[in-house]
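Novice: Structure provided below as structure tokens; questions to follow.
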Amino acid sequence: MADFSRLPGPNADLWDWQLLAACRGVDSSLFFHPEGERGAARSARETSAKEVCMRCPVRAECAAHALAVREPYGVWGGLTEDEREELMGRARHRSITATGTMTA
């Protein structure tokens, strides 16, 4: 028999912040790069996406979500893929330095 005492909490509690996001209704291609996009085109798209994020009332929640789940693609909470990777790398480096061992 299933152990219902171990069921996860309601998903709405975890995702309700998305209902307030400034990006709702905006074309998702603004936040996710097409195959092979580089250079000035990518920079311009990311800048436009970040402009939407900067006026968003749930930017902090969005960025925290992307970092927590290690979202590999797109602009989330005003952070690009590269910026999130850099933040995660710094956090990993601090963890290694503090403990002297590699943690996953």
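Cβ coordinates come from backbone N, Cα and C, glycine included.
When I checked TrEMBL for this same protein, it listed these features:
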DOMAIN    22-86  domain '4Fe-4S Wbl-type'
BINDING   Cys23, Cys53, Cys56, Cys62  [4Fe-4S] cluster binding site
Novice: What is the set of residues, excluding Cys23, Cys53, Cys56, Cys62, whose C-beta falls within 8 angstroms of the centroid of the C-beta atoms at the [4Fe-4S] cluster site?
Specialist: Ala21, Ala22, Val52, Val58, Arg59, Trp76, Gly77, Gly78
Novice: Looking only at Cβ atoms, how many others are within 10 Å of the one on Cys56 ([4Fe-4S] cluster binding site)?
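Specialist: Cys56 ([4Fe-4S] cluster binding site): 20 neighbouring Cβ atoms within 10 Å.
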Novice: In the three-state scheme derived from DSSP, which category covers Cys53 ([4Fe-4S] cluster binding site)?
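Specialist: For Cys53 ([4Fe-4S] cluster binding site) - judged by DSSP and reduced to three states - the answer is helix.
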Novice: Using a 10 Å radius around each Cβ and all protein chains in view, which of these binding-site residues has the most neighbours: Cys23, Cys53, Cys62?
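Specialist: Sorting the candidates by Cβ neighbours within 10 Å, the top entry is Cys62.
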Novice: According to DSSP, which kind of secondary structure is Cys23 ([4Fe-4S] cluster binding site) found in, if we only use helix, strand and coil?
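Specialist: For Cys23 ([4Fe-4S] cluster binding site) - judged by DSSP and reduced to three states - the answer is coil.
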